[in-house]
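Features of the protein shown, as given by TrEMBL:
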{"type": "REGION", "residues": "1-22", "note": "region 'Disordered'"}
{"type": "DOMAIN", "residues": "132-442", "note": "domain 'Glycoside hydrolase 35 catalytic'"}
{"type": "ACT_SITE", "residues": "E279", "note": "active site, proton donor"}
{"type": "ACT_SITE", "residues": "E353", "note": "active site, nucleophile"}
{"type": "DOMAIN", "residues": "501-600", "note": "domain 'Beta-galactosidase 1-like first all-beta'"}
{"type": "DOMAIN", "residues": "624-683", "note": "domain 'Beta-galactosidase galactose-binding'"}
Amino acid sequence: MCRRPGSVPLAAQSPRPSPWRCPAGRGCVPRLPRGGGSSARPPLLQPVGMASRPRSSPCLFWKRILCIFFLPCILSGFSPRVKHKKNLLSGKAQPQLSQYSRFIWSRLTPLELRNRSVGLQTESRVGSNPYFTLEGHKFLIFGGSIHYFRVPREYWRDRLLKLKACGFNTVTTYVPWNLHEPERGRFDFSGNLDLEAFVLTAAEIGLWVILRPGPYICSEIDLGGLPSRLLQDPQVNLRTTDKGFVEAVDKYFDHLISRVVRLQYRKGGPIIAVQVENEYGSFYKDKDYMPYLQQALLKRGIVELLLTSDNVDDVLKGYIKGVLATINMKKFRKDAFQHLYKVQRDKPIMIMEYWVGWFDTWGSKHEVKDAGDVKNTVSEFIKFEISFNVYMFHGGTNFGFINGAINFVKHTGVVTSYDYDAVLTEAGDYTKKYFKLRKLFGSILAVPLPPLPELTPKAVYPSTRSSHYLPLWDVLQYLNEPVMSKMPVSMENLPINNGNGQSYGLVLYETPICSGGQLHAHVRDVAQVFLNETTIGILDDSIRNLKIPEVKECQLLRILVENQGRVNFSWKIQNQQKGLTGPVTINNISLEGFTIYSLEMKMSFFKRLRYAPWRPVPNSYSGPAFYRATLRAGSSPKDTFLRLLNWNYGFVFINGRNLGRYWIIGPQETLYLPGAWLHPEDNEIILFEKIKSGSVIETTDQPVL
């Protein structure tokens, strides 16, 4: 008999094939339940000649009319859909995961789909939810974020295999402009920045790729991924169609997009979608900016699906007409889609960032999110046929000086670890979230999941102590030639690096003074002030005045300023010049005649430092200095974590590589040290400690957060 709208779906009555299971993308004709046996339900439509009533029966005639009228309602029960997505607004839909047939995507991988023409598309039909198709096959995106630039290249395959083994079918990644074009016209896509190799590795493993090329990416990276040289001219408005900004973007895109065009789906590659900029609705300074970037991608050969990404309340300002709008959220809320529906009602829903954790900042507590909540939220997405991207699947590490910062109340840097309480840990280990999601995906995917890759082995090495040290003042001769300037110059405007200024690290300003008084200076982000080699005090964004004691004869005023990370979110990116950003005065009299040293701490600097006259370490030393120690890793180095007991604040370099910042205030207490970066046997550790020497350097096989 025909069922009324709202009656129990046929999926709840008996097993049935699903459109998701159709071979080679062909449409399946739903099989009707067969009669027979006392427990058999009556057939949906009785074939002519099998009914007990004659053909001319008025009752049968009206049954046929009713069946024809309600047939679309009944047949809708044969798809995985439970309710039309408008019910997300009304809150009436309460589907159960058990109502779903298993999804078969074994043929929808880069290795299996050889003949390609249409790529990722959206479809909308009357009486059904809009949905994605891939080469005509209905498709849900199960995405997970991994940032190649935060993971040692040697571990890319391991992390991607773990993504695949968990049940995901897509990897998403940002592309950091500031790392790929460190100087105008000089591009770096080598080693850990080999984007093409990362994308091709994903394809080999059987994962699709959604590329997020910026130019702005946020991502808790310095200046949201924009090169700091863009701050040299304060008249250039970032993230707008200002000539100075878009000309720089165009030159970068000329190079970047030419590398990824061949990696698109229709070219035989794994890239199925490309994002236009990032979360522009929360910035929104120029209505022409996003359409400009859309055209910039199209005219350089991007042919795959374009999309935007915004927070749920900003999508009205961030979307582009004709481009798929996606949203970001931290938990499933049915009212979160109201603004999205104002933009598009005939497109599938995509959660571009589902935040399964959060980043940490110095001096705050470690952020965590319950694994059960994550599993439940992802389950809700699947029930409502919502494609999603887990941010982060694997966070990795802010190696070097690349971390960003926030400044909602005060400037606070993001910690070195980008663990993010993600599905995999910073070191690539499994978590409760991983196993819960894997169990969930395994219950709805028809093909068994791949076996779990083995854990990356960890080791605890013998503790060590620094044997020699060099005060900062002894190191100045090993730096590049200093800049001589009448007035202070910000880090970005230093005439170094072929006119590109300095992006990261510290700057030391020196000028002679012959009297004391009230020192006033604007610094970003924090400065240590010295008379010769004696510490006088600290300056930062909130402390701009310092009492300088009277001097009997002229002395050297030294101001050591550190960039703790440029803000990566909000309109404040416009004013992120670092160093001394204005005049320096004593008793309102401007100081002149500065010698400015750039401490970028590049690999070449540490090579020169090998020839310096290192001194034996005293029992205790206060002030900025370099400390040298040796880590003995044996014949087969493995991953480990450095723990710096009683050290205060500084940076760790292992064989010349910058592992990142440590700080006694936490929450991060250990630094991840990849075994792939260790040499067999002896490894050189150099600490740049800014405040006071510590004692022992330990290793552990577990992070301390």
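In case you wondered, yes, glycine gets a Cβ from its N, Cα and C as well.
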For the domain 'Beta-galactosidase 1-like first all-beta' (501-600), residues assigned helix / strand / coil by DSSP: 5 helix, 52 strand, 43 coil
- request: Sorry to bug you, but what's the C-alpha spacing from E353 (active site, nucleophile) to the residue listed as 'active site, proton donor', rounded to the closest Å?
  value: 11
Task: Take the domain 'Beta-galactosidase galactose-binding' (624-683) and count its residues per DSSP category (helix H/G/I, strand E/B, coil), listing them in that order.
output: 3 helix, 33 strand, 24 coil
